[in-house]
């Protein structure tokens, strides 16, 4: 007899023993077991072959752990990665290519060029919470499909913008749609077994790098001949492929259970089990008590209030530092080092405001190298996140970035400057991905999408502010600029250490901390003797 033992942490282990003391035994489809006769109230016995074998209960998490990682998750990884590359990375990378082109072609002043970038982040910031609410109320798949189609539509329209005001509005609407992309991570995480979750979510960063590299290569081919309008149209077309693949995506089984749609959740789990060639647990799938979903107040209950506030600052610091470094890199490369840019501040300012320069082949090469520097960051984060935990990984990323920023005070040569900038970008990129791993893990299913959405919104606030530091403040004092970024990351490292919950080795929560205890009491009445540890407690 093969028995699957479920623990509250979400781990599963198999044993050949017929009786395992202290563990909850769940039958597997196709496995015949000895059942004791069931006594009725009048004393009659029901033959054991007619006894109900489904008195045991299990959560969606238990089923996901029992089914394991297989063919279904590989398909989901590719589809989620495609969303990340086409709907996020390419549309963000195009900002660094479009701005100088329009600056020259339409003779735009510097503040209008900066506004063209900022409006995308305004759209992302204003929509992040909305997409989170839609995903919590109507399903992860629904929210993701709407956001992708929205981005596709306005992305193509951007290529037909006749004047600056039109493209400003259309790019803002594109940013509004991009704000829903993080929900793909929510859907993805809810189908992953615990042991594979961190590594798989981190691998999404590989698709980010692939998307940015593809966008630069596309620009090299399209810009010299067809121009920026065709670049915008062609950059949006991969979204059409993802929109078609969305019909293959199932709705989150965790969301269906929370919504009271047990039959649909079971059908989804059976589909995954069939594709993976794994057994499906028998027994009753627990339907969590229905509650209000997607409410902002749920993020500020006593159990999650401190976590929410710290995560908001961590996400703000991540985006503030990451995009700030991207903007600083070009300025520092042009000057040679910090000392040069400081001594020639007025000359740099005059050059930026009076001259118009199209991107050259060397500029595209620098963009490629900068993008490729993120791959080491993914590998380092992938190696340490399950060894030292999520909180320490984020703290390490912020500390290394802060250290590299301070070392830029030295009058180093271009080679050392390049190494410091690439190390800083690699670690801040890895820290961003660690936050994407931690956030869906720390919130329960009821508020997971909303929690990730609000954190993403705070990241857009940081991205919106950082051009004024990396470009405007840089003209006044390069040292003050570096101090701002370094100080922000030091505070973010402390915030990471003070997070009250470590999610390493813990399964996804199905419900809030208070209701979890009630759910366990209810489950105990169905299955006496079942022992499960409470993973929702703060560490």
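Including glycine, each Cβ sits where the backbone N, Cα and C put it.
On a predicted model such as this, the values are computed, not experimentally measured, just so you know.
Long-range contacts of the transmembrane segment (76-99) within the same chain: residues 113, 116-117, 120, 144, 147-148, 151, 155, 174, 177-178, 181, 184-185, 187-188, 191, 200, 203-204, 206-212, 214-216, 219, 223, 228, 231-232, 235-236, 238-239, 241-242, 245-246, 248-249, 326, 359, 367, 371, each at least 6 residues beyond the stretch ends and with a Cβ under 8 Å from a Cβ of the stretch. Summarising the annotation, TrEMBL assigns transmembrane segment to 76-99 (among others).
Feature annotation from TrEMBL assigns domain 'Major facilitator superfamily (MFS) profile' to 77-504.
Marked as transmembrane segment by TrEMBL: 111-134 (among others). Proximity of distant same-chain residues to the transmembrane segment (111-134), defined by a Cβ-Cβ separation under 8 Å and at least 6 residues beyond the stretch ends, is recorded for 91-92, 95, 98-100, 102-103, 142-143, 146-147, 164, 167-168, 171-180, 182-183, 294, 296, 449-454, 456-457, 460-461, 463-464, 467, 471.
With a cut-off of 8 Å between Cβ atoms, the residues of this chain six or more beyond the transmembrane segment (146-167) that come close are 83, 87, 91, 102, 106, 108, 112, 116, 127, 131, 134, 173-174, 176-181, 183, 229-233, 235-236, 239-240, 242-243, 246. Among the features that TrEMBL reports, transmembrane segment is placed at 146-167 (among others).
Long-range Cβ contacts of the transmembrane segment (201-222) within its own chain (Cβ-Cβ under 8 Å, at least 6 residues beyond either end) map to 77, 80-82, 84-86, 88-90, 92-94, 97, 185, 188-189, 192, 230-231, 234-235, 359, 361, 364, 367-368, 371-372, 374-375, 377-378, 381-382, 385, 429-430, 432-434, 436-437, 440. If you look up TrEMBL, you'll see 201-222 (among others) marked as transmembrane segment.
The annotation transmembrane segment is assigned in TrEMBL to 228-249 (among others). Remote same-chain residues near the transmembrane segment (228-249) are listed as 75-76, 79, 82-83, 85-87, 90-91, 94, 97-98, 101-102, 105, 141, 144-145, 148-149, 151-152, 155-156, 158-160, 187, 215, 218-219, 222 (criterion: CB distance under 8 Å, separation of at least six residues from the stretch ends).
Sequence annotations record features per position, and here TrEMBL assigns transmembrane segment to 303-323 (among others). Same-chain residues lying 6 or more positions outside the transmembrane segment (303-323) and placing a CB less than 8 Å from one of its CB atoms are 394, 398, 401, 425, 428-429, 431-432, 435, 438-439, 442-443, 447, 451, 454-456, 458-463, 465-467, 469-470, 485, 488-489, 491-492, 495-496, 498-501, 512-514, 536, 538.
Beyond its flanks by at least six residues, the transmembrane segment (393-410) meets 314, 317, 321, 325, 332, 338, 381, 384-385, 417, 420-421, 423-424, 427-428, 430-431, 434-435, 438, 479, 482, 485-487, 489-490, 492-494, 496-497 of its own chain at Cβ-Cβ distances under 8 Å. Annotated transmembrane segment per TrEMBL: 393-410 (among others), in sequence order.
What TrEMBL lists as transmembrane segment is 416-438 (among others). Counting only same-chain residues 6+ beyond the ends of the transmembrane segment (416-438), those with a CB under 8 A from a CB of the stretch are 182, 185, 197-198, 201-202, 204-205, 311, 314-315, 318-319, 321-322, 325-326, 328-329, 332-333, 336-337, 369-370, 373-378, 380-381, 385, 390-391, 393-394, 396-398, 400-401, 404-405, 407-408, 455, 489, 499, 503.
TrEMBL lists 450-470 (among others) with the feature transmembrane segment.
Summarising the annotation, TrEMBL assigns transmembrane segment to 482-501 (among others). Sequence-distant contacts of the transmembrane segment (482-501) (same chain, six or more residues past either end, CB-CB distance under 8 Å): 306-307, 310-311, 313-314, 317-318, 320-321, 324-325, 338, 391-392, 394-396, 398-399, 401-402, 405-406, 408-409, 428, 438, 442, 469, 473, 538-539.
According to TrEMBL, the region 'Disordered' annotation covers 510-539.
Per TrEMBL, the feature compositional bias 'Polar residues' maps to 528-539.
Residues of the same chain lying 6 or more positions beyond the ends of the transmembrane segment (450-470) and with a Cβ under 8 Å from any Cβ of it are 114, 117-118, 121-122, 124-126, 128-133, 135-136, 179, 182-183, 185-186, 294-296, 298-299, 304, 308, 311-313, 315-324, 327-328, 331, 435, 439-440, 442-443, 481, 484-485.
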